[in-house]
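Chemist: Reproduced below are the annotations present in TrEMBL:
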| type | residues | note |
| --- | --- | --- |
| TRANSMEM | 20-42 | transmembrane segment |
| TRANSMEM | 54-79 | transmembrane segment |
| TRANSMEM | 99-120 | transmembrane segment |
| TRANSMEM | 132-154 | transmembrane segment |
| TRANSMEM | 166-188 | transmembrane segment |
| TRANSMEM | 195-212 | transmembrane segment |
| TRANSMEM | 248-268 | transmembrane segment |
| TRANSMEM | 289-306 | transmembrane segment |
| TRANSMEM | 326-348 | transmembrane segment |
| TRANSMEM | 355-373 | transmembrane segment |
| TRANSMEM | 385-406 | transmembrane segment |
Amino acid sequence: MAEQKKALEYRFDEMPPAGHLLMLSLQHVMLMFVSVGLPIIFTSQINESSQFAATLVALSMLAAGLGSIIQSAGLPFIGSGYLCPNVCGPSYLSLSLSAAWAGGIPLMRGMIILAGLVEMALAPMVHKLKTVFPGFIVGLVVAMVGISVIRMSVTSLFGLEFRGDAIRSADIAIGMASLLVMVLCNIWGKGFVRIYCLLIGMVAGWGLALAVEPEYRHALALVRESEMFALPSPGAAFSGIQFRLDMVIPFVVIAVSGSLKSFGNLLAAQKLSEPEREQVDYTPVRKGLLADGLSTALAGLIGGMAVDTSSSNIGLAGSTRVLSRWISVVAGVLFILLAFCPKVTMALSLMPKPVLGASIIFAGCFMISTGFLEMFSDEWDARKTFSVGIALFFGLSTAFLPALYARAPELIRTFFTDPLPTTTILAVVLNQLFTLDRTAAAFLRRFRSTD
């Protein structure tokens, strides 16, 4: 464990030098920008204007920046104090659209605030999870955090935005070249090269895209047309906050699902930040879940889309062995500042999708391997085999067979929504079921000892 501790370039409580801190934070900001596509997709689905999209992007970035600061600053009663930035939460996109179609932005805002309050209410119960999250399930959850981004990352690497898009050889080459540069810099790079492997790979991939694909060069004209500074200007569409009783249960369910995802992210952040720790410390996890809920509620209050902890950024931190929480704080500040700079925001949003896909794959690899190492670190038995195996079968099936679950009964659709929460819930339930004999035996021993 001492070797692991020494292997970290910067521990979670260390402050890198100012120059490194700024560059490392910028590296995370570029990865956080992947989520900016969600407000744009949301706007296109409700047929709103480009001005509406710009406002929604800016407000969502403000919420994500504030959430990143609250989560990582190490405040006394809230926030995990780990490098764990916030981004627009993809798990909320579908329900946010449903709310917007039913009652406009005011209803979306109200239901997001409700979801955030539910997450905050769940946070104090996290200490009771010690008995239901043994080491192998913690490892499974961490691995699933990486596995859950496979679909998004691979489709992006192939340059795809919509179902039915043509796959171009140039996009595949750009994505693979970007990934190769990141990996080689991480494996054989030293010092500066290794720490900034993701940034180097992004710049190399973007340069290659500009060289081989004219459309990426033509898109840069949009940057010249954008303003350098502008305040978000929410119009009448953003005014008011509404609630609807028939949407409470769906948003409560997605809030629980979001809490489980953040629970996994925070466990991963703790495992990476404090490799010498043998038992999970639930205090920072509880504070982190409280911060996540508050950030989601603030997003609704501000008028942006719901935010969530970022699996990709945690994976990046692990792959570079740079875990300083101050990077997340500065990244949050930069994200807030960028919300007022349309020219810079436009430039970053034009980053080629294959480059973004390569970045997420790079970060996800470390999450998956870290989870597997934790999962198999203890002695294995048949109970663990079936708890993990069955949970993975049904959890992954939600990604492979979404049409099947769309036709399933309402109760099944409620819990079988996404690989990460589905796998987590099933693994916990099955482990409790398969260890009933041990639980009963332990209870009997305690009962006899009191006689």
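Positions of Cβ are set from backbone N, Cα and C atoms, glycine also.
Automated prediction, rather than curation, is the source of TrEMBL annotations.
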Chemist: For the transmembrane segment (166-188) and the transmembrane segment (99-120), does the number of C-beta pairs under 8 Å, pairs 6 or more apart in sequence, reach 3 or more?
Modeler: no
Chemist: Tally Cβ pairs under 8 Å between the transmembrane segment (132-154) and each listed stretch (20-42, 99-120, 248-268, 355-373, 385-406), then give the stretch with the top tally.
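Modeler: Highest pair count goes to 355-373.
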Chemist: As a test: from 20-42, 54-79, 99-120, 289-306, pick the stretch that has the greatest number of Cβ pairs under 8 Å with the transmembrane segment (195-212).
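Modeler: When the Cβ pairs under 8 Å are tallied, 20-42 comes out ahead.
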Chemist: Counting Cβ pairs under 8 Å to the transmembrane segment (20-42), which of 99-120, 248-268, 326-348 comes out on top?
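Modeler: When the Cβ pairs under 8 Å are tallied, 326-348 comes out ahead.
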Chemist: Among 99-120, 289-306, 326-348, 385-406, point out the range having the most Cβ pairs under 8 angstroms from the transmembrane segment (248-268).
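Modeler: Of the candidates 99-120, 289-306, 326-348, 385-406, 99-120 scores highest.
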Chemist: Would you kindly list the residues that approach the transmembrane segment (385-406) from elsewhere in its chain, counting only those six or more residues past its ends and only Cβ-Cβ distances under 8 Å?
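Modeler: Those are 136-137, 140, 144, 147, 150-151, 375, 412-413, 416-420, 422-424, 426-427, 430-431, 434, in sequence order.
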